[in-house]
Every structure is written in structure tokens, then in C-alpha cells.
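Asker: Sharing a structure here in C-alpha cells format.
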Amino acid sequence: AYINLPGQPFDFQCPAGQVISRVSSVYDVLLEDRQWEFGCRTENVTQTCSTSGYANDFGLPLSYSCPGKKVLTGIRSYHDNQIEDRRFTFRCCDVMSKATTGCHVSEQVNQFNGPMLLEVSAGQAIKGAISQHDVAFEDRVWKFKLCK
């Protein structure tokens, strides 16, 4: 189920000991915003966590990586109706038992105004996110940094 209505803020956090393993989103053309849905799976993560400040300004590129051995466990965001864009903060927690190595950046997971789906393979976790805003489409395209 989507956790926000278009134009509304959201604050998603996986339960303790879990990481984000699925990111899904649809675009509402009328309200010029996305609805978001996240999935989590159990990984060996600790409660040593940190939350970023805002990783982007409205209309500007976003490029964020969780620090150290941390991986993505939560995302918070709010929308501006004048600029028709969102700002994002990220929550990251330490992974026990493995270093975040073998990282790569995914293919773009959506087109402007199109549906988005990222499903993270077993044994991988989301380390970060990269996104660009386009004024003509009033939307962002996304890639994610994935690590083993």
C-alpha cells in the first residue's frame, strides 16, 4: 500500500533489524507528485543508525550515500506545491557481519512520470540514491547504489 497521498509528506522506517529491499512509486499527473511504497527484509543490521540532513534542495540533483558500513533503512520526504518537487532525508544503520563492498549503481529505475520499481536481490542492500529533477515533467528519475 502507498504510504502517502500526492503532495503529502511521508516518514518510512523499516522495523529494527531490517533494511529497505523494495522501492515502488507511481506518479499522479494531476497533482504532479509521486505516491511511495517500501518493503523491508531482515538483515543483520544493528541499532547504530544515523539520519541525514536533507540530501537535496527543491529542483536540484540528489546524490546520497550512507556513511561507513551503513545501509538504507528509512526515508523521509516532504513536497512543495509551488516547485512541484520533494526533499528527502535518509536513515541508515550499520550492517554486522559484512562490509558494504562490491557496490554498483543500478540502471535508472523509472522514466519521468512513469512507474518505479526497485527490488533488491538477496545478499544486496541499498547504500544510496541518485536522482535528477526535470521542471518540464515536474518529476525525478532515480538510480540506486547497491552493495553486497
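Cβ coordinates are placed from backbone N, Cα and C, and glycine is handled just like the others.
Pulled from Swiss-Prot, these are the listed features:
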- Cys14-Cys40: disulfide bond (DISULFID)
- Asn44: N-linked glycosylation site (CARBOHYD)
- Cys66-Cys93: disulfide bond (DISULFID)
- Cys103-Cys147: disulfide bond (DISULFID)
Asker: Quick one, of the disulfide-bonded residues Cys14, Cys66, which Cβ has the fewest other Cβ within 10 Å?
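Answerer: If we count Cβ atoms within 10 Å for the disulfide-bonded residues Cys14, Cys66, the smallest count is at Cys14.
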Asker: List the same-chain residues at least 6 positions away in sequence whose Cβ sits under 8 Å from the Cβ of Cys103 (disulfide bond), in sequence order, or say none.
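Answerer: Spatial neighbours, sequence-distant, of Cys103 (disulfide bond): Lys127, Lys145, Leu146, Cys147, Lys148.
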Asker: With a 10 Å radius around each C-beta, find which of these disulfide-bonded residues (Cys40, Cys93, Cys147) has the fewest other C-beta atoms nearby.
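Answerer: Candidates: the disulfide-bonded residues Cys40, Cys93, Cys147. Fewest Cβ atoms within 10 Å: Cys40.
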Asker: Calculate the distance in Å between the alpha carbons (Cα) of Cys14 (disulfide bond) and Cys93 (disulfide bond), and round it to a whole number.
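Answerer: Per the Cα atoms, Cys14 (disulfide bond) and Cys93 (disulfide bond) stand 11 Å apart.
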Asker: Give the distance between the Cα atoms of the residue listed as 'N-linked glycosylation site' and Cys93 (disulfide bond), rounded to the nearest whole Å.
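Answerer: Computed Cα spacing between the residue listed as 'N-linked glycosylation site' and Cys93 (disulfide bond) is 10 Å.
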Asker: So for Asn44 (N-linked glycosylation site), how many other CB atoms are inside 10 Å of its CB?
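Answerer: Cβ-Cβ neighbours of Asn44 (N-linked glycosylation site) within 10 Å number 11.
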Asker: Rounded to the nearest angstrom, how far is the Cα of Cys40 (disulfide bond) from the Cα of Cys66 (disulfide bond)?
Answerer: 17
Asker: Hey, how far is Cys93 (disulfide bond) from Cys40 (disulfide bond), Cα to Cα, in Å?
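Answerer: Roughly 13 Å, rounded to the nearest whole number.
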Asker: Check the DSSP secondary structure of Cys40 (disulfide bond), expressed as helix, strand or coil.
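Answerer: In three-state terms, Cys40 (disulfide bond) counts as strand.
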